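Engineer: For reference, TrEMBL lists these features for the protein:
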- 35-228: domain 'TLC' (DOMAIN)
- 6-24: transmembrane segment (TRANSMEM)
- 45-65: transmembrane segment (TRANSMEM)
- 77-95: transmembrane segment (TRANSMEM)
- 107-124: transmembrane segment (TRANSMEM)
- 130-148: transmembrane segment (TRANSMEM)
- 168-186: transmembrane segment (TRANSMEM)
- 198-223: transmembrane segment (TRANSMEM)
Amino acid sequence: MELSSVVLTTGCSVVFFRLVNYGVSKVSMPVSAGRNAWKWRNISASFVHSSITAVWAVLCFFLHPQMAEDLIETYSVFSHALVSFSIGYFIYDFFDMLLNQKVSQSWELLFHHVVAITCFGLSVLSRRYIGFAVVALLVEINSVFLHLRQILRMSNMSKGTVYRVNSMVNLGTYVVFRINTLAWMTRWLVLNRDKVPLVAYTLGSVGLAIMTLMNIVLFYRLLRSDFLKSGARENKKEKEM
């Protein structure tokens, strides 16, 4: 993909998620979600992104298995488009939160998006590390259940069987596709230190360290909220997640 194609794909992605947000606003929502209509629209758009990206990332490795053997140089338009598409989502979501939520409530996700946009931007512009970026996007498999959890909570469905099953699947996929994936990426980066330029290595190391810390904290919150039955104060924090 040429630079113009990257810009076009990213721009179309931003517009697409803005349209998803608008479309959700025109569909009836649960009364309980009406108390925070913006959050409902934001989570719905995030759910759409994770659903698309989860399938797309798996297909990237299925259609181009050689990418798993060389995460640096192996390139495909299909995978490049996925990373560009996700950059567009992160740009959309960054401004959606910045304009509609207090920075004190969303600074962690805003920072996460800046790191993701920077790292993925380096990948699409250099046309290298595309495989590494796609591995990172495998975490979206878990995000499907993470966002569904929020949707169920906002719909006042946090007491039923559906929520309980989703909580177990969410925690399981969290360990496999978030914690394990981040650990594997860190190990890969260390083992391939001599193949990665200093700037990319530093950016990747800092980014992974930040992501790992944030995900460990989130895992603890999820475990405490859904399985350890913490008090109302922790549940209140969870509603802000």
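Each residue, glycine too, has its Cβ placed from N, Cα and C.
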Engineer: Considering only Cβ pairs within less than 8 angstroms, which of the stretches 77-95, 130-148, 168-186 has the most against the transmembrane segment (6-24)?
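Structural biologist: Comparing 77-95, 130-148, 168-186: 77-95 has the most Cβ pairs near the transmembrane segment (6-24).
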Engineer: Who are the long-range neighbours of the transmembrane segment (168-186) in its own chain, taking Cβ under 8 Å and residues 6 or more past its ends?
Structural biologist: 132, 135-136, 138-139, 141-142, 145-146, 148-149, 205, 208, 211-212, 215-216, 219, 222-223, 226-227
Engineer: For the domain 'TLC' (35-228), what's the model's average pLDDT?
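Structural biologist: Summarising the domain 'TLC' (35-228) by its mean pLDDT gives 92.
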